[in-house]
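Feature list (source: Swiss-Prot):
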- Tyr73: active site (ACT_SITE)
- His112: active site (ACT_SITE)
- Asn117, Asn118, Gly119, Ala120, Ile121, Glu122, Phe123, Tyr124, Lys125, Lys126: CoA binding site (BINDING)
- 157-174: compositional bias 'Low complexity' (COMPBIAS)
- 6-155: domain 'N-acetyltransferase' (DOMAIN)
- Lys47: N6-acetyllysine (MOD_RES)
- 138-141: region 'Substrate' (REGION)
- 157-176: region 'Disordered' (REGION)
Amino acid sequence: MTRSSIELGDVTPHNIKQLKKLNTVVFPVSYNDKFYVDVLEAGELAKLAYYNDIVVGAVCCRIDNTENQRRLYIMTLGCLSPYRRLGIGTVMFEHIMNFAEKDGNFDSIFLHVQINNNGAIEFYKKFGFEIVDTKEQYYKRIEPADAHVLQKTLRRTAPNSNSTATSTTANSNSRSKARQFTFV
């Protein structure tokens, strides 16, 4: 399989049922109607992954403005098991990284992973994520109920490291355009 056979598409009212079905198959938790309403409004932060015009995966994220930080939260990123290890997850993750890079104002990207999901943990570690916390009893109605919090810290640097004037400009549009974005 080549990456050219993998395409990402928008989540729309016409295909939201495919996302619901996919999530039911891929994830051990069920998502409520509000989740899907939010996904429909997420734009570039929610994508279906197609392989030969068949929905085989999806990624859904949201912006989290808590803990005095602006972070990107990966709510779901999953692929049907027959299509795993073919680069589909990587394409979805790279889409999210590109979004974060273009935005230029995220402190980190984070997500929760069930503590026994070694495949997912290794997938994210491959992209520089680290386990930063473990939440006991995070999940309801599934075992194990504990979840690791995985995080990738993002660092923004001004083009001229000898001057901080660029990063303190009052106009946020010029500020974000003036920064270079690097991943730690």
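Every residue gets a Cβ built from N, Cα and C, even glycine.
Since this is a predicted model, take the numbers as computed values, not measurements.
Structure coloured by features recorded in Swiss-Prot.
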residue: Lys47; record: N6-acetyllysine; Cβ contacts under 8 Å, 6 or more apart: Leu8, Gly9, Asp10, Val11, Ala58, Val59, Met92, His95
residue: Tyr73; record: active site; Cβ contacts under 8 Å, 6 or more apart: Cys61, Arg62, Ile63, Asp64, Ile109, Phe110, Leu111
residue: His112; record: active site; Cβ contacts under 8 Å, 6 or more apart: Lys135, Tyr138, Ala147, His148, Val149, Leu150
residue: Asn117; record: CoA binding site; Cβ contacts under 8 Å, 6 or more apart: none
residue: Gly119; record: CoA binding site; Cβ contacts under 8 Å, 6 or more apart: Arg84
residue: Ile121; record: CoA binding site; Cβ contacts under 8 Å, 6 or more apart: Val113, Ile131, His148, Leu150
residue: Phe123; record: CoA binding site; Cβ contacts under 8 Å, 6 or more apart: Gly89
residue: Lys125; record: CoA binding site; Cβ contacts under 8 Å, 6 or more apart: Leu150
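As a summary of secondary structure, the region 'Substrate' (138-141) carries 0 helix, 0 strand, 4 coil according to DSSP.
When secondary structure is read from DSSP and collapsed to three states, His112 (active site) falls in the strand class.
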